[in-house]
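J.: Per Swiss-Prot, motif 'C(P)XCG motif 1' is recorded for 8-12, and the stated evidence type is similarity to another entry. The motif 'C(P)XCG motif 2' annotation in Swiss-Prot covers 26-30, and the record cites similarity to another entry as its basis. As annotated by Swiss-Prot, Zn(2+) binding site applies to Cys26, Cys29, Cys49, Cys52, with the evidence given as similarity to another entry. The motif 'C(P)XCG motif 3' annotation in Swiss-Prot covers 37-41. Taken from Swiss-Prot, the feature motif 'C(P)XCG motif 4' applies to 49-53, supported by similarity to another entry.
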Amino acid sequence: MGEMKYVCISCNAEIAPREKSTKFPCPNCGEVEIVRCERCRKLNNPYKCPKCGFEGP
């Protein structure tokens, strides 16, 4: 099986295996895993949950 690839929800960049990214459930609905790259985390780039529309920094 291949390694799971993650994409940043803010910038759509593929996340490198050793990058300091983060993954967490949507704070509002909890049904979608939000994945953010290190750059977007540091710059507080916004993201939007595709399921419920919640927007976060």
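Using the three backbone atoms N, Cα and C, a Cβ is placed for every residue, glycine included.
Since we're looking at a predicted model, the values are computed, not measured.
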J.: Pairs of Cβ atoms less than 8 Å apart decide it: which stretch in 8-12, 37-41, 49-53 has the most with the motif 'C(P)XCG motif 2' (26-30)?
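T.: Out of the listed stretches, 49-53 contacts the motif 'C(P)XCG motif 2' (26-30) most.
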J.: Six or more residues out from either end of the motif 'C(P)XCG motif 1' (8-12), which same-chain residues have a Cβ under 8 Å from its Cβ atoms?
T.: 21, 34-37, 39-40, 45-48
J.: Pop the mean pLDDT for the motif 'C(P)XCG motif 1' (8-12) in here, whole number is fine.
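T.: It averages 98.
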J.: Is it possible to list how many residues within the motif 'C(P)XCG motif 1' (8-12) are helical, extended or coil according to DSSP?
T.: 0 helix, 0 strand, 5 coil
J.: Should anything in the same chain at least six residues away from the motif 'C(P)XCG motif 4' (49-53) have a Cβ under 8 Å from its Cβ atoms, list it; otherwise answer none.
T.: 26, 28-29, 31-32, 34
